[in-house]
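*Asks:* This is the structure, below, for whatever I ask next.
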């Protein structure tokens, strides 16, 4: 399939920025800083332009003192190490990083249409066509990650951005691991945790299949499937896979079938990601371009 000229231009810009990042040591004076794009627990994200190339990026500014207080320096180093080596259209690029006495700066790809979470809040829930397009895009990105021995472990709406063309981008690799074996640590977001992580037993890449199933449900219904008033009830519902499909909104049997095949307690029995892409609901609803056009 031919790539549009605009996409080629964007990819060349991204490639140039990445090559430049690898060749030099950045400082804040290399950038014109623009409007704030968002704020997080450890700092802020700004729109920025690299002066020499005129390339527009998102500059994530993190305060060292806050990272140290929360003991997440190791997590940040891991995020930088993993994300800087990933090259996929549905994964936000990390071009490089630099630091000064007080702050750490991450030079990130700019996703012009912003946070998916805000879109979901505004719409309440997505159409099956939109949900399927996003789920298929994420499945392809996760297949790529798993092929590189990277497990994300924290797929959720808050960690997804939308690019200028409407393509989905995985944006946060703070909980991801580069692994060749099974792990036992608990991480990620409660509503999205699979049974094996709730029960603190070994887990592998199939945790991302579970999280993608939760995400698909939330796209279609507007809430995660095991949500409850008390944490203990959420834990119980996850472990028992207490999966219920409300009567409203009306969702196709095919969509429910896909979700049911992903949200399986025995991790080895979850629908593999390559099979997900062949599922009738994905085939019939997902835009093959991976781009949802509003």
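The backbone N, Cα and C atoms fix where each Cβ goes, and this holds for glycine too.
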*Asks:* Pick from 60, 64: which one does Swiss-Prot list with 37, 38, 39, 40, 41, 42, 43, 44, 45 for the same ATP site?
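*Replies:* My reading of Swiss-Prot gives 60 as the candidate in that site.
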*Asks:* Between residue 154 (active site, proton acceptor) and residue 41 (ATP binding site), how far is it from one CA atom to the other, in Å?
*Replies:* 16
*Asks:* If you draw a 10 Å sphere around the Cβ of residue 39 (ATP binding site), how many other Cβ atoms fall inside it, taking every protein chain shown into account?
*Replies:* 10
*Asks:* For the ATP site given as 37, 38, 39, 40, 41, 42, 43, 44, 45, 60, which other residues of the same chain have their Cβ within 8 Å of the site's Cβ centre?
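*Replies:* So the additional residues around the site are 61, 62.
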*Asks:* Check residue 45 (ATP binding site) against DSSP and tell me helix, strand or coil, would you?
*Replies:* strand
